[in-house]
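Here the structure comes first, spelled out in structure tokens, and everything after it is commentary.
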């Protein structure tokens with residue numbers, strides 16, 4: 001092999017001509033204290049609030065306290081390898097998450113990293129997790145219903161698209177069940193759902209995800225998970241990440257449902273971070289801005305004006321109460337922020353009334369305007385009647401000498417309570433809800449034993465689906481009960497009741 005000197009010198013000359021000194025200027029700081037997931041960093045004088053900072057090993061942190069001589073930074077991951085004296089770099093990026101269609105059907109953590117083993121999220125679109133909510137002029141009134149598929153909710157506490165409806169109750173009273181049923185019921189409704197699990201056990205979240213898969217609901221759902229074992233900063237940012245993902249679809253003119261399950265754990269995580277950052281504690285040791293924490297999150301739910309797309313984002317925040325105490329700090333905060341609340345009671349739950357909704361305390365402040373006409377026709381007085389029944393039932397325990405009208409009201413109320421019971425993962429279409437409630441409010445169940453009401457409903461709806469499908473179809477198309485259709489429905493109910501009474505030997 002012959003080496004020619006002129007070739008070698010030519011190559012060296014080319015390399016020298018191409019040589020370029022590249023100097024990268026990076027703003028760096030130094031870790032002066034680390035512990036409990038919080039780092040104090042000296043330097044970084046131009047750092048922004050909520051900016052992501054890079055620690056050794058690629059671990060990211062988020063700047064939350066900008067003080068005179070140092071920065072309080074929470075670590076978004078493991079901090080065990082970080083030590084005093086380590087160099088910290090600015091990234092120049094505010095905390096952001098990936099957004100867009102690529103996330104639908106996926107399970108991700110609060111920074112958008114996949115947790116489902118299906119490969120990376122293929123999207124080039126990102127959004128900051130924090131964003132100022134749309135102003136009044138960009139919003140329009142809530143006027144379209146969001147059907148939950150749950151009779152008790154759709155009839156008495158209707159939810160509209162763009163509303164914030166709080167679900168509140170003690171542990172193990174069915175809060176998540178209502179939220180998951182609502183997500184399942186959005187199948188085919190052109191509504192994208194985001195389920196944000198905050199501080200829950202991994203087994204609980206896995207069960208929810210499995211159920212969503214079984215019901216075919218993951219095709220329109222994104223699941224954001226910050227588990228009980230994750231660092232507090234991830235629990236703190238998880239709801240904001242879910243809101244950012246939802247806003248992307250809302251601003252594209254689509255309807256979105258976001259479930260925050262639950263915000264009590266986010267508030268506890270924020271309290272932990274605030275105390276570690278040496279912020280002054282207030283009531284129940286929460287920081288003074290914990291109200292703002294939830295208000296700036298929930299205000300992002302909106303029904304946008306048609307001029308800017310007309311999309312909507314509905315929020316269903318969940319709050320866990322202790323021993324039914326709805327007057328505690330976080331529950332009262334969120335009640336005052338939201339447009340209504342669904343309150344669940346353990347006593348009703350253990351008595352077999354499921355969903356265990358306390359009709360007297362639950363309310364929807366704006367959803368009534370969005371309720372379908374058909375439902376309003378049959379359920380207009382239902383909420384008031386049930387509240388009166390509860391009072392009468394409590395009074396009737398102390399004496400049996402009741403007049404006929406009171407006994408009739410108790411009989412009707414008892415059967416309506418039975419009628420409104422509904423199994424989990426069994427959402428019901430609007431037309432079937434309307435026909436079912438019609439049988440109760442028109443008195444067709446009064447002469448039946450209370451323990452036969454559920455059987456009557458199941459068999460009646462099966463009969464209507466097979467023998468009289470045109471009645472339900474008319475309600476579905478017109479969204480109301482026309483006089484002609486009501487006469488058909490009345491005849492069908494009377495005909496079926498006669499068959500049911502004969503079949504079960506109740507005559």
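Glycine too: its Cβ is placed from the backbone N, Cα and C atoms.
As recorded in Swiss-Prot, the features of this protein are as follows:
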type	residues	note
BINDING	169, 170, 171, 172, 173, 174, 175, 176	ATP binding site
SITE	362	site 'Required for activity'
**OP:** Output, ordered by sequence, the same-chain residues six or more apart from residue 362 (site 'Required for activity') with a CB under 8 Å from its CB, or 'none'.
**Re:** 156, 157, 340, 341, 342, 343
Original post:
Taking each of the binding-site residues 169, 174 in turn and counting other Cβ atoms within 10 Å of its Cβ, which one has the fewest?
Top reply: 174
Subject >> Residues near residue 173 (ATP binding site) in space but at least six apart in sequence (CB under 8 A) >> reply: 344, 345, 346, 349, 356
**OP:** May I ask you to report the DSSP-based helix, strand or coil state of residue 171 (ATP binding site)?
**Re:** coil
Original post:
172, 176: which of these binding-site residues has the highest Cβ count within 10 Å of its own Cβ?
Top reply: 176
**OP:** Output, ordered by sequence, the same-chain residues six or more apart from residue 171 (ATP binding site) with a CB under 8 Å from its CB, or 'none'.
**Re:** 320
Original post:
Any idea which of the binding-site residues 170, 175 has the thinnest Cβ neighbourhood at 10 Å?
Top reply: 170
